[in-house]
């Protein structure tokens, strides 16, 4: 260790130290410094700040919702992808609006550099290349960190965002190496430091697919997948996406692929016993897919370009840790990839995590004051889940530094609230991934209204500027004003209206009925009736969507709000000891197993069991109260 007197020539005291510069660390460092805290970000490699370690994409089902929420709260992920995306799509538009979700392919290296440059521009943020090997604790309070090169940095607030680097081990067949990502060193000392203070550590596994050379693929025989013609931005501050979009492609596994995998399962670290830790349930390896879904004749594989100029293509759906020579055979068994060249092999990686039930809802550890965890160290998977946690941890630090009451995100107001509540109360048994099904109030948590739900918190901390906040308020004032007008406008005969009726094939209507009732018809969109409310013609697509959703689904929204109040009354409701969960129609098999094992005494305790979703708790409540689910079903 370098003596303190030799450290006087450089700053070694900060309000907050963030360890790790992935998606959790980048958000944490940005929010902390933007909020006025003198912040130090420590990363083992400045060139990998904000790196996309796995898929080159941001967003997706529920994940896109969280990116919008992070943006509304002042975070950077939404802005970064808007500036570096190469294909944008709104997913699930054929379903209800609660599950619509933005997703974008990224120009991978450009995204990483954009994050790095954004952080470098923050005046309250210092960035240093080093590792953190040990926490410095006194009287159960963190007072600093000790780095790999022996320097001591002092602070009362540390946010650990260590990703997959804690005592990590890479597997490719029988090959093993102590890496945190392929060819990047692991960090062992920090795991020992955490265990020293009796934080409960566990072991998880994740994986990544091989990358192939674009010029070795016959794209002409593959199914093309284009982006949206009018793409939706992630950030509420982005007016329009103008970047050139490029396509992705789709192929499928086949009988030859599956035969090859079965013949080599004994060489897979997950099936040979080499890997003992648990992998992500909802993002299985191709080996797991073939074994678990043996009745499936094929599995979809997306070919996702990693940028405009690079030749690398990401094979989404073929995560594997089979030996490299088997990976070549596997990839070349796919249509269009018969001559494919692998430039990076797929691999599995095991790493330490800390049981998230060790945390408060602020993401501060219960045992060590001032120590916060965010990202994969909490047992989650995904860039978006990590970014959300990094933001929450930094919010908590800012509230602590300002002696403010901690901000606790509610399940009823955000997916971030669902994420944090699930982690700290239920813990994890496998890497946690967010889904819309985890949110019981998802119709209220649409991706289009994240700013209305959350921006006030960012504004209060100075993380959202006055102009952005005023624009948000003015937007919803416009929406509310026109919505009230629509309630009053009667349908009247006109040539334009008759043309609309003829176009839609509508005959069952009455003149005099109000416009809101007409808009609630499934075949009618807000764009169809703009001639009756001309003021909306200048609105953004997002504003029009909000207006349409709030009118079309106002009955469901009202019932959802009533349901929140109704359910809150029954959290302490006792569950009968003799309840037969197998007799409750619709209850998931996993939930039945967990409920029978844990034997919760109340609905609240049932809701805190990992694997028991809000919809399962609803079914139990309806069963106990003797109500039929369809009588109170939430949209």
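Heads up, the Cβ atoms here are built off N, Cα and C, so glycines get one too.
As annotated by Swiss-Prot, FAD binding site applies to 20, 21, 22, 23, 24, 25, with the evidence given as sequence analysis. The NAD(+) binding site annotation in Swiss-Prot covers 279-293 and is backed by sequence analysis.
Taking the binding-site residues 21, 283 in turn and counting surrounding C-beta atoms within 10 angstroms, the largest count is reached at 21.
Between the alpha carbons (Cα) of residue 293 (NAD(+) binding site) and residue 24 (FAD binding site) lies a span of roughly 33 Å.
For the pair residue 279 (NAD(+) binding site) and residue 24 (FAD binding site), the C-alpha distance works out to 20 angstrom.
In this structure, of the binding-site residues 24, 291, the smallest number of CB atoms within 10 A of the CB marks 291. DSSP gives residue 291 (NAD(+) binding site) a helix state.
Rounded to a whole number, the C-alpha distance linking residue 22 (FAD binding site) with residue 281 (NAD(+) binding site) is 23 angstrom. Secondary structure from DSSP puts residue 20 (FAD binding site) in coil.
Each of 18, 26, 27, 28, 43, 50, 161, 163, 374, 375, 386, 390 belongs to the same chain as 20, 21, 22, 23, 24, 25, is absent from that list, and has a C-beta within 8 angstroms of the C-beta centroid marking the FAD site. For residue 23 (FAD binding site), the nearest of the binding-site residues 283, 285, 287, 289, 291 in terms of C-alpha separation is 283. When the Cα of residue 281 (NAD(+) binding site) is compared against those of the binding-site residues 20, 21, 24, 25, the shortest separation belongs to 24. Of the candidate binding-site residues, 20, 21, 24, 25, the one lying closest to residue 291 (NAD(+) binding site) when CA atoms are compared is 24. DSSP assigns residue 283 (NAD(+) binding site) to coil, not to a helix or a strand. The Cα atom of residue 285 (NAD(+) binding site) lies nearest to that of 24, taking the binding-site residues 20, 21, 24, 25 as the candidates. Cβ neighbours of residue 289 (NAD(+) binding site) (same chain, under 8 Å, six or more residues apart in sequence): 296, 299. Here the C-alpha separation of residue 283 (NAD(+) binding site) and residue 24 (FAD binding site) works out to 20 Å.
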